[in-house]
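Enquirer: So that we are looking at the same thing, I have put the structure below in structure tokens.
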Amino acid sequence: MEAAPFACSSPPSSSASFLPSFSVTARSLSSSSSLLFRRNNFGRNCNYYVAKFKSPRNLSVRASGDSVVTLLDYGAGNVRSVRNAIRYLGFDIKDVQTPEDILKADRLIFPGVGAFAAAMDVLNKRGMAKALCTYIEKDRPFLGICLGLQLLFESSEENGPVNGLGLIPGVVGRFDSSNGYRVPHIGWNALQIKTDSEILDDIGNRHVYFVHSYRAMPSDVNKEWVSSTCNYGVDFIASVRKGNVHAVQFHPEKSGDVGLSILRRFLYPKSTITTKPTEGKASKLAKRVIACLDVRTNDKGDLVVTKGDQYDVREHTKENEVRNLGKPVELAGQYYKDGADEVTFLNITGFRDFPLGDLPMLQVLRYTSENVFVPLTVGGGIRDFTDANGRHYTSLEVASEYFRSGADKISIGSDAVYAAEEYLRTGVKTGKSSLEQISRVYGNQAVVVSIDPRRVYLKNPNDVEFKAVRLTKSGPNGEEYAWYQCTVNGGREGRPIGAYELAKAVEELGAGEILLNCIDCDGQGKGFDIDLIKLISDAVNIPVIASSGAGATDHFSEVFMKTSASAALAAGIFHRKEVPLQSVKEHLSKEGIEVRI
Ligand code: 1PR
């Protein structure tokens with residue numbers, strides 16, 4: 001299974017089939033966000049388009065009115081991010097309906113999604129496999145992305161062996177997690193360029209975004225194809241190129257301005273591109289810095305970014321209002337410009353409100369994803385739900401709507417706690433929890449579990465049945481130990497399960513990543529809970545995102561030096577403009593911690 005919502009082997013049918021009818025329009029967003037992110041009409045009648053939204057490196061693009069790219073979206077998943085990036089670069093999209101559309105294409109992009117076997121099945125049944133082979137053998141302009149690269153090989157071990165298109169010698173296999181490398185491989189990694197690949201000319205030693213569990217290996221039999229490799233425990237194939245045929249394992253549409261320049265080099269004739277690459281120092285998988293936006297509707301009914309102290313988001317005034325720290329779309333755009341490696345939206349009242357009824361939240365995602373080309377995660381309210389009319393919605397339908405609206409990953413909080421409790425009680429994976437279902441359909445790399453633990457101090461670690469840690473700093477009454485009790489409903493209810501037990505259980509149930517908050521540290525600005533983060537990041541083989549408590553640049557270097565967290569997330573310091581995101585990156589770099597600059 002490859003690539004986040006890009007990954008879907010059998011998605012539910014279109015949103016129209018289950019979405020209630022809403023009459024809310026983009027106007028429900030703040031007027032300035034609408035202005036900032038208004039979709040530009042650069043269709044057939046528009047010859048010149050300068051992006052209103054400037055990317056971090058002030059990308060501006062020129063498109064001719066006849067710019068059309070053919071997209072092979074065989075309906076197995078969401079390729080919204082790819083569509084957004086193509087449109088952002090000034091191209092219209094023609095969708096492949098029949099094999100003839102492939103043969104007639106001037107320029108074809110194939111963002112392979114879902115599992116290898118399911119993708120080959122669809123391609124074979126629709127006669128598209130043969131058309132693709134003919135198109136590629138004729139050296140027509142082609143760009144495969146992620147699974148779109150893997151399918152070019154002879155076969156894959158993913159639920160297999162399964163035969164691929166057989167154009168490139170080699171077998172696609174799974175990363176080995178036994179050597180200490182976390183699988184899926186998620187994040188920004190460096191490339192080693194092997195040959196002149198043209199589309200990679202602007203990379204200049206900078207990171208690109210990967211999210212996958214399977215990879216193809218370079219060897220003597222395919223060396224004439226390999227244009228770059230990447231190291232993640234082993235050297236695997238990051239891109240291939242022969243003539244006009246290109247394919248990349250990473251996601252250019254999620255790789256910020258570097259990724260956009262790769263797509264631009266594929267879409268535009270060489271002669272029109274004059275940019276000079278900015279040199280970077282990428283050498284390995286970077287530690288990620290994530291900006292988090294806790295979003296909820298305030299008492300006036302506006303969707304705002306808020307921020308709590310230990311999860312209390314109300315001002316301590318007579319009015320007791322929800323803190324308003326800004327507008328979600330604007331802030332997300334700002335953090336993208338500032339160099340955030342990912343942006344996370346948490347719909348913090350999703351546990352009590354039905355998220356599909358919260359159409360502005362879906363609009364926030366849609367608008368943001370049109371202009372923000374790094375991964376977007378959204379959480380809050382992902383669970384089964386029955387509305388006032390008795391209509392039942394599965395958590396998979398809720399997640400699918402988030403993915404369709406532009407999310408690359410979804411994050412599950414409360415529902416994952418219930419699923420883990422049940423699993424630990426019965427020892428049986430029912431396959432029915434939201435976590436299992438979404439991970440099965442979209443791949444585990446698309447599913448984050450957000451944990452909201454609270455410290456419970458102990459005199460003796462044997463006083464509880466849950467894993468306790470010896471504290472670096474003792475508790476208020478001199479306690480030397482604590483266990484971390486999981487909570488649900490935004491920290492309102494403690495549950496009989498520890499963060500350690502939960503993390504291990506959700507990894508088994510199919511989580512691809514853990515977002516590890518800490519209620520005690522949230523909004524305090526005194527640093528991350530290193531004891532907790534070390535406990536969890538040492539316990540699981542999936543990436544862990546450290547969250548809660550960042551107040552200074554030193555806190556980020558501390559968490560990366562003392563724990564094996566893959567990413568650090570912060571909210572308050574960025575919203576209050578206390579520490580700019582770039583200073584965090586510069587500080588980490590100075591401390592010898594590799595980050596994407
Ligand atoms: O249970 O599936 O509906 O998901 C609800 C989601 O909303 C969970 O991910 C939960 O963490 C989040 N949430 C619920 N209530 C709150 C609240 O604050 N009242 N926010 C909340 C959680 C924690 C972090 C925060 C970091 C960094 N916020 O996301 O951004 O602690 O903050 P800092 O850098 O300022 O310290 P479900």
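Including glycine, each Cβ sits where the backbone N, Cα and C put it.
Per TrEMBL, active site, for GATase activity is recorded for C146, H251, E253. The active site annotation in TrEMBL covers D294, D452. Per TrEMBL, L-glutamine binding site is recorded for C146. Among the features that TrEMBL reports, substrate binding site is placed at G381, N517. Annotation source TrEMBL lists domain 'Glutamine amidotransferase' at 71-267.
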Enquirer: Just the recorded positions from C146, H251, E253, D452, N517 whose C-beta lies under 6 Å from any atom of ligand 1, please, or none if there are none.
Expert: D452, N517
Enquirer: Spatially speaking, which of the recorded positions C146, D294, G381, D452 is closest to H251 (active site, for GATase activity)? Use C-alpha to C-alpha, please.
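Expert: Out of the listed candidates, the nearest Cα belongs to C146.
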Enquirer: On a C-alpha basis, identify the one among C146, E253, N517 that is nearest to D294 (active site); the candidates are the recorded positions.
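Expert: Checking each of C146, E253, N517 against D294 (active site), the shortest Cα distance is to N517.
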Enquirer: Count the other Cβ atoms sitting within 10 Å of the Cβ of D294 (active site), across every protein chain shown.
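Expert: Excluding its own Cβ, D294 (active site) sees 28 Cβ atoms within 10 Å.
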Enquirer: Quick check for the class: what is the C-alpha distance, in angstrom and rounded, between D452 (active site) and C146 (active site, for GATase activity)?
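Expert: Distance between the two Cα atoms comes out at 33 Å.
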Enquirer: To the nearest whole angstrom, state the Cα distance for the pair N517 (substrate binding site) and E253 (active site, for GATase activity).
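Expert: For N517 (substrate binding site) versus E253 (active site, for GATase activity), the Cα atoms are 29 Å apart.
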Enquirer: Please classify the secondary structure at N517 (substrate binding site) using three-state DSSP.
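Expert: For N517 (substrate binding site) - judged by DSSP and reduced to three states - the answer is coil.
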